[in-house]
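Asker: Grabbed the feature section from Swiss-Prot, which reads as follows:
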- 1-65: topological domain 'Cytoplasmic' (TOPO_DOM)
- 1-32: region 'Disordered' (REGION)
- 21-32: compositional bias 'Basic and acidic residues' (COMPBIAS)
- 87-318: topological domain 'Extracellular' (TOPO_DOM)
- 288-314: disulfide bond (DISULFID)
- 290-307: disulfide bond (DISULFID)
């Protein structure tokens with residue numbers, strides 16, 4: 001091939017250009033293209049893509065990553081809403097918080113009207129107002145309740161109630177003088193000045209007295225029970241019992257009425273004179289009194305029956 005090319009070159013140079021056949025031109029063109037393609041693909045090595053190392057999150061890991069991103073986005077939106085609500089309620093501005101102040105001493109001061117549900121002060125904390133200003137606490141159609149342990153103070157529209165299992169005391173904060181106390185062993189129970197009546201469901205005490213210039217009135221809407229472990233002693237200049245129903249006196253030994261005793265019989269039930277003693281289910285008694293004021297009853301078994309019975313408590317004097 002080299003010799004033929006050299007001979008052709010010598011012939012072309014001596015006799016002028018030599019015409020090539022169609023086959024020779026095609027072979028020459030193919031060789032040129034092959035050489036060109038080999039130069040273009042120099043350093044290129046074809047590799048199968050399936051054999052390459054795959055990077056990134058694919059399959060289940062990709063789905064899990066998408067779920068985590070969505071969850072973080074939801075939490076970010078909730079955090080943004082809470083931040084906006086806190087900012088709107090507390091009113092944080094360029095000059096700080098417009099609704100409250102925090103002091104180094106631990107004092108939290110509210111500078112405007114605040115709407116709260118339940119307040120839990122810390123141990124030995126104090127809730128109060130500013131100097132020379134009133135502390136106004138208002139409940140929206142609900143009672144205001146102050147509670148510590150079992151002690152509770154409830155302020156309502158028409159009443160104020162205090163409930164305590166250990167007692168209570170009211171004292172002047174300036175003079176520290178006790179105005180009212182339920183510690184009966186140390187202080188005698190007195191109604192505060194200006195209080196005219198005391199409404200209780202049950203009271204346990206040694207004695208109940210009134211002032212020397214006023215009467216002691218005990219009034220009940222239903223039934224009143226006065227009971228003493230060692231007897232009941234009622235003393236006064238004048239003792240009056242007014243009842244709309246029945247009055248029942250019970251004693252283990254005797255009932256003693258000292259002084260002048262008057263019983264109004266106008267409202268006492270009585271049977272008509274024409275009724276027979278044995279008719280019906282009624283059992284009749286006659287009220288009798290001894291000279292010393294002792295009352296006793298005698299069952300009526302016959303007409304015109306008196307109090308002279310053999311076992312009367314008066315002895316020989318009726």
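Here, residue 1 is simply the first one shown, and the rest follow in order.
Glycine residues also receive a Cβ, built from the backbone N, Cα and C atoms like all the rest.
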Asker: How long is the line from the C-alpha of residue 290 (disulfide bond) to the C-alpha of residue 314 (disulfide bond), rounded to the nearest angstrom?
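Answerer: Rounded to the nearest whole number, the Cα-Cα distance is 5 Å.
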Asker: Run through the Cβ atoms and count how many others sit within 10 Å of the one on residue 314 (disulfide bond).
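Answerer: For residue 314 (disulfide bond), the count of other Cβ atoms within 10 Å is 16.
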Asker: Quick one: Cα separation, residue 307 (disulfide bond) versus residue 314 (disulfide bond), in Å?
Answerer: 10
Asker: Indicate whether residue 288 (disulfide bond) is helix, strand or coil by DSSP.
Answerer: strand
Asker: Which has the fewest other Cβ atoms within 10 Å: 288, 290, 307, the disulfide-bonded residues listed?
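Answerer: Across 288, 290, 307, these disulfide-bonded residues, the one with fewest Cβ atoms within 10 Å is 307.
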Asker: Please average pLDDT over the topological domain 'Extracellular' (87-318) for the predicted structure.
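Answerer: Summing pLDDT over the topological domain 'Extracellular' (87-318) and dividing by its length gives 77.
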